[in-house]
There are 2 protein chains.
Amino acid sequence: MRVLLLCMAGIAPAMAMTPNNEPIQPILPAQITDPAKVELGKQLFFDPRLSRSGFISCNSCHNLSMGGSDNLQTSIGHNWQQGPINSPTVLNSSLNVAQFWDGRAADLKEQAAGPIANPGEMAFTHTLAVDTLRSIPQYSEAFARVYGVQQITIDEVTDAIAEFEETLVTPFSRFDRWLLGDTQAMTEDELRGYQLFKDTGCVACHNGPAAGGNSFQKMGLVSAYETANPAEGVAGLTGQDADRFKFKVPTLRNVELTYPYFHDGAYWTLEEAVDVMARLQLGRQLGDEDIASITAFLKTLTGQQPSFALPILPPSNNATPRPKPFE
Amino acid sequence: MRVLLLCMAGIAPAMAMTPNNEPIQPILPAQITDPAKVELGKQLFFDPRLSRSGFISCNSCHNLSMGGSDNLQTSIGHNWQQGPINSPTVLNSSLNVAQFWDGRAADLKEQAAGPIANPGEMAFTHTLAVDTLRSIPQYSEAFARVYGVQQITIDEVTDAIAEFEETLVTPFSRFDRWLLGDTQAMTEDELRGYQLFKDTGCVACHNGPAAGGNSFQKMGLVSAYETANPAEGVAGLTGQDADRFKFKVPTLRNVELTYPYFHDGAYWTLEEAVDVMARLQLGRQLGDEDIASITAFLKTLTGQQPSFALPILPPSNNATPRPKPFE
């Protein structure tokens, strides 16, 4: 009704949009209730001693200087192994319905256990990772303080990492400022892009606070997605043919920073990604102008990046197991 | 004279040492005159887009969470190549007489150009690194602001990295507080270790503010150093037989954090390193108690680590060359 009235008053429709009942909601700032746990998790996130080589940390592939991703098609693992799938951003990942592209981890804590022990990623074992941390008195003391435990187990390690990751939200994007009522926060072209994003049907999957992350959908719904990547998505877990190429819908938050796109990282530009999605998922062939407007809208989803001091890690000592990068 | 008087008064000699005219001087805090240049250098130090793979940054091998080193025997380069020599700490490196173990770079600016183009390290070229930065408007604008240049060249890139590295000093160690007159900053055993460090002759090479870094010495002066590492030190540059196994004396600042030790990274504990140095360089066989005291002293050289916000890097865009990790 408000939109109608403004239109009648001669104001352009795009400008007249008001942020009520939108399918995407603002990202809320992190509420930190246990700063010591977050700080411990941050140290662990940056600690390459959770890997066999002593060289790869969580931050290697979820680089918080670069949108929480590595900006590679697929990641580099132990011994320079080529990863099987694009590394998803850790930013706003607490909003995901489940973790990994195929959702095989229920939450961030379960996810954090994966790469440490994956022979193609950090190539360590939980036992060796925990042995390493136990040998370092500063870590033992921090875990005792935060968790009240005498001995560190993988359970506290992944819990602390998840607690840190939960703080990695990106509020205050221009889109969110618009959602919150700042009508000057977006340009007319960006608002037009948002309207197109909704009208074209993108919002059917990319909705909620993360503009995605809350459902699994088949990649190549209308037309097949051509890729050399063998990942089969959820079918790899369920064995069900109906789940082939079903992947978690990625968040579009900070999508300007999280190139290249899709589970295979095959597309480097947002324009290409918008075009492919419209054709393959929605059966729509968008013109260049519409693609440009949607791309302009997507860039308004870049939020305030987490800002914190680089953690200083407690040193190893004579009792700490040595890294094994080359054996 | 003062020492003598105190001794006569029945105070133990170690306690009586006063920090006057000591061969090691305190590290001074960084004086930042151009914060914009330092900030730009910090971004570049953390930017893996200066490597062919898009995965390796200066911070990968000079990790500022870990004493400015990688805590590996020798570093991991592009395609997981095993580096030829132990990665020296970047902390207090501005105090070095020259850079690299063999001193082949005159200063930090010249040093910074090396790893970018080294096929075994970042495996890029200066041209490609500069092309990458030029494609990113935020970098172009920052270089224009800081250097007044229309086009980025490798000269400004390495200059900014060096300017950041010059801030990476570690003042306020317990030893420095003692040097500055705080007689409570060190224990009696640590002071005994310092006296032994001087009496044994360690201080002949490990002196000055960095406790090293200001001369080149033959590794294995009294007895030969046994190692599988083929590095020949300064002789690799001069071809002179007299320069064989001559390496820059490493700083002992933060030595507790910069394990493993020596140019080949062959020794992981300070106790072993002290023992080897005393035998091979000074012809002295130290007892366990003396080694323990010297080790205790060495740990008082850990200074305040540089503290700063993890830099957020400007994103690549459609014009930015793509990383090539696997080709």
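Note that Cβ sites are derived from N, Cα and C of the backbone, with glycine treated the same way.
Matching A:M66, A:M122, A:M277 to the heme c 2 binding residues that TrEMBL gives (A:C202, A:C205, A:H206) identifies A:M277. Sequence-distant contacts (6 or more apart, same chain, Cβ under 8 Å) of A:C58 (heme c 1 binding site) comprise A:L44, A:F45, A:F46, A:L50, A:V90, A:A112, A:P115, A:I161.
Counting residue by residue with DSSP, the domain 'Cytochrome c' (A:36-144) contains 50 helix, 6 strand, 53 coil. Taking CA atoms as the reference points, A:H206 (heme c 2 binding site) and A:H78 (heme c 1 binding site) are 33 Å apart.
In sequence order, A:G212, A:S215, A:Q217, A:V249, A:Q281 constitute the residues six or more apart from A:C205 (heme c 2 binding site) in its chain with CB-CB distances below 8 Å. Taking each of the binding-site residues A:H62, A:H78, A:H206 in turn and counting other Cβ atoms within 10 Å of its Cβ gives the largest count for A:H206. A:C202 (heme c 2 binding site) is surrounded by 25 other CB atoms, counting those within 10 A of its CB over all protein chains shown.
Residues of the domain 'Cytochrome c' (A:188-302) grouped by DSSP class, helix first, strand second and coil last, total 48 helix, 9 strand, 58 coil.
Per-residue pLDDT, averaged across the domain 'Cytochrome c' (A:36-144), gives 98. Separating the Cα atoms of A:C61 (heme c 1 binding site) and A:M277 (heme c 2 binding site) is a whole-number distance of 25 Å.
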